[in-house]
Amino acid sequence: MKYVHVGVNVVSLEKSINFYEKVFGVKAVKVKTDYAKFLLETPGLNFTLNVADEVKGNQVNHFGFQVDSLEEVLKHKKRLEKEGFFAREEMDTTCCYAVQDKFWITDPDGNEWEFFYTKSNSEVQKQDSSSCCVTPPSDITTNSCC
């Protein structure tokens, strides 16, 4: 396998292209009036944006990048905050039976992205204070998109 493919519906192609170019750090390789495609070599990801008249609810829980260290988490957080995104930080949190350092950003259509580093395994699924990949979109009041 070369690429994992993910396609998401978006309302505004222009806003979404702008958001994902900043998040991924690459330009879209194909742009049409109702479609855009990004190819990331590391990780191998074929990510497409598909224009829809309306995007209701969150059809996926979230997306994320697992990185190798806390330093890498902080590097991406700093980079995206410089681009004007709001980053919701969760350090030393228990989520998905693991202790993690992470932050979250939200795309123009409400899809959440996490950048996380797994520090160790845990016997519990989540801490009460952690959003742990299950925050309903209606609970999110700040859109990180500029």
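Heads up, the Cβ atoms here are built off N, Cα and C, so glycines get one too.
Positions annotated as Fe(2+) binding site by Swiss-Prot: His5, His62, Glu114. Annotation comment: Swiss-Prot describes Cys95, Cys96 as roxarsone (III) binding site, evidence class similarity to another entry. Taken from Swiss-Prot, the feature domain 'VOC' applies to 2-118.
Projection of Swiss-Prot feature records onto the structure.
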{"residue": "His5", "record": "Fe(2+) binding site", "DSSP class": "strand"}
{"residue": "His62", "record": "Fe(2+) binding site", "DSSP class": "coil"}
{"residue": "Cys95", "record": "roxarsone (III) binding site", "DSSP class": "strand"}
{"residue": "Glu114", "record": "Fe(2+) binding site", "DSSP class": "strand"}
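Cα to Cα, Glu114 (Fe(2+) binding site) and Cys95 (roxarsone (III) binding site) are separated by 12 Å. A gap of 23 Å separates the Cα atoms of His5 (Fe(2+) binding site) and Cys96 (roxarsone (III) binding site). A straight line from the CA of Cys96 (roxarsone (III) binding site) to the CA of His62 (Fe(2+) binding site) spans 13 Å. His62 (Fe(2+) binding site) sits 13 Å from Cys95 (roxarsone (III) binding site), counting Cα to Cα.
Looking just at the domain 'VOC' (2-118), the mean pLDDT is 91. Other Cβ atoms within 10 Å of the Cβ of His5 (Fe(2+) binding site) number 11 in total over all chains.
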